[in-house]
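A.B. asks: Found this in Swiss-Prot, in case it helps:
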- Lys23: active site (ACT_SITE)
- Asp150: active site (ACT_SITE)
- Pro108, Val109, Ala110, Ala111, Gly112, Ile113, Gly114, Gly115, Gly116, Ser117, Ala118: ATP binding site (BINDING)
Amino acid sequence: MIVTGATDLETAAPALSETARAKVNLTLRVVGRRADGFHDLESVVAFADCVDRLTLTQGAELSLVAAGPRAQECGQTADNLVLTAARLLGERIPDLKAGAFALDKYLPVAAGIGGGSADAAAALRLLARANGLSIDDPRLIETARLTGADVPVCVRSESCVMTGVGESLLPLDVPAMPAVLVNPRVPVATKDVFAALGLRKGQLNVGVNDLIEAIVWPEAGAPVDDWLAMLSDGANDLEAPAIRVQPVIGEVLARLRSTGARLSRMSGSGATCFAIFDDEAAAHHAAQTIRLDRPQWWVHVGTLGGGS
């Protein structure tokens, strides 16, 4: 049950706000496809400094309005993961206090950077604050998992190794790295990319010895070069099938790799790709070059990793 409909404005709680940071898969291994059809993954995840913003006005009827440059890409409001997460949490917590959500949408949709999952995670953090819950509350964790595979990692918005179908998170101290994110403004459906990968139910994709979970990652405070050396040994197993689904992803990667980046790769199931640079000046120069060549593309220059 979700409690709504407070009418006493003098006792109404103030609006609460959260940012929803873009999730970037620095590596992504598809371990295999389970008998239930889901894919087991292992991924090094970091978060970027580009965000959506979500506000909760407590006491109002549960609802969602979207604004901002990407609002029209969100689709039907009733299907939005923000409301899905709120309803699922309400099923698990009697008398959950919710309200009206307002989303300022800046991140591209169906882009491989977990925009919808980050929004849902921000909604759960807002509801936790409004109801005095810890983000470690088992009911909130269960809700995050049921809402979507990327939602648990987005609730914390901290660098980690994510395994399984998103349920296992191992924190990592990934340093802040100058980066450019590029999306060609072409949505890519995750199901289409996994279909192009073509694993059968029960089929493994990599051997146990290849799993990144067993890797000893650099310790806290290790230089960026140590991280880039290890990340460069990784890959995104969905990159090739995603390029078959949307060939423009190959062009995005080629342009990023032509800018002198230390590491370039696709995030998630695409189409967003990222590149990491030696310094901010190199990142800004690369972003400006790509914007001039492809003004219709979404380009963000900023930071990957580091603190929240």
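All residue numbers here begin at 1 and follow the chain in the order shown.
For all residues, glycine too, the Cβ spot is worked out from N, Cα and C.
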A.B. asks: I need the least crowded one of these binding-site residues (Ala110, Ala118), counting other C-beta atoms within 10 angstroms of each C-beta.
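C.D. replies: Lowest Cβ count within 10 Å among the binding-site residues (Ala110, Ala118) is Ala110.
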A.B. asks: Note down the number of other Cβ atoms within 10 Å of the Cβ of Asp150 (active site), including every protein chain shown.
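C.D. replies: There are 27 of them.
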A.B. asks: Anything within 10 Å of Asp150 (active site)? Look among the binding-site residues Pro108, Ala110, Gly114, comparing CA atoms, and list what you find.
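C.D. replies: Qualifying among Pro108, Ala110, Gly114: Gly114.
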A.B. asks: What whole-number Å value do you get for the CA-CA distance of Ala110 (ATP binding site) and Lys23 (active site)?
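C.D. replies: That separation, Cα to Cα, works out to 12 Å.
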A.B. asks: I'm trying to understand the geometry here, so how far is the Cα atom of Ala118 (ATP binding site) from the Cα atom of Lys23 (active site), in Å to the nearest whole number?
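C.D. replies: So the Cα of Lys23 (active site) lies 8 Å away from that of Ala118 (ATP binding site).
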A.B. asks: Round to a whole number and give the Cα-to-Cα distance in Å for the pair Gly112 (ATP binding site) and Lys23 (active site).
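C.D. replies: The Cα atom of Gly112 (ATP binding site) is 8 Å away from the Cα atom of Lys23 (active site).
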A.B. asks: If you compare CA-to-CA distances from Lys23 (active site) to each of the binding-site residues Pro108, Gly114, Gly116, which comes out shortest?
C.D. replies: Gly114
A.B. asks: So for Pro108 (ATP binding site), how many other CB atoms are inside 10 Å of its CB?
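C.D. replies: Cβ-Cβ neighbours of Pro108 (ATP binding site) within 10 Å number 25.
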A.B. asks: Among all protein chains shown, how many Cβ atoms are found within 10 Å of the Cβ of Gly116 (ATP binding site), not counting that one?
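C.D. replies: The answer is 27 other Cβ atoms.
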A.B. asks: Return the count of C-beta atoms lying within 10 angstroms of the C-beta of Gly112 (ATP binding site), excluding that atom itself.
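C.D. replies: Result for Gly112 (ATP binding site): 30 other Cβ atoms within 10 Å.
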A.B. asks: So which other residues, same chain and not among Pro108, Val109, Ala110, Ala111, Gly112, Ile113, Gly114, Gly115, Gly116, Ser117, Ala118, have a Cβ within 8 Å of the centroid of the Cβ atoms at the ATP site?
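C.D. replies: Other same-chain residues with Cβ inside the cutoff are Ala22, Lys23, Leu107, Gly268, Thr272.
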A.B. asks: Under 8 Å Cβ to Cβ from Gly114 (ATP binding site), same chain, six or more residues apart: give me those in sequence order, or none if nothing qualifies.
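C.D. replies: Listed in sequence order, they are Ala22, Lys23, Asp150, Val153, Cys154, Gly268.
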